[in-house]
Amino acid sequence: MVGEEGAFVLGWDEVLTEEELSMTLKVLCMSEEEFKEYKEQDGWEDDSEEEENSTLSNEALSKLKTPCKKLLYDSVLLTLESYRSDLKAEQDLLNNKEAYEKLSRREQQALHVRYGQKRILHQLLELVR
């Protein structure tokens with residue numbers, strides 16, 4: 001369901017891998033009985049048209065059911081813990097011109113990527129809080 005990388009792609013305004021995230025949340029938030037029923041259906045593609053056409057925009061994420069929001073929230077916290085530094089440390093380094101200029105070009109680019117990733121993850125935390 002998640003693909004080889006086991007990750008979802010989030011943008012500033014919506015989930016870019018929304019189909020995978022929707023399906024994953026749906027399955028992981030099911031009771032054991034619901035999951036058994038769902039597996040016994042004639043396929044995983046029998047979802048309602050409304051669910052298929054919905055986008056996981058930031059607004060939609062904030063309106064998820066509580067179990068799905070908690071699952072996302074906890075997953076984001078785990079992801080943030082995998083970084084060696086927090087958002088504030090990245091921001092401080094970006095704002096410290098002298099320290100920033102001591103970084104190699106590659107390190108500067110990596111810093112920008114990490115900072116952007118963390119900002120999106122923090123935004124997601126706020127949406128599903």
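Placement of Cβ uses the backbone N, Cα and C atoms for every residue, glycine included.
Per TrEMBL, the features are:
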DOMAIN    4-121  domain 'Rubisco LSMT substrate-binding'
REGION    39-59  region 'Disordered'
COMPBIAS  43-53  compositional bias 'Acidic residues'
Per-residue pLDDT averaged over the domain 'Rubisco LSMT substrate-binding' (4-121) comes to what? 86
So how many of the residues in the domain 'Rubisco LSMT substrate-binding' (4-121) end up helix, strand or coil by DSSP? 78 helix, 4 strand, 36 coil
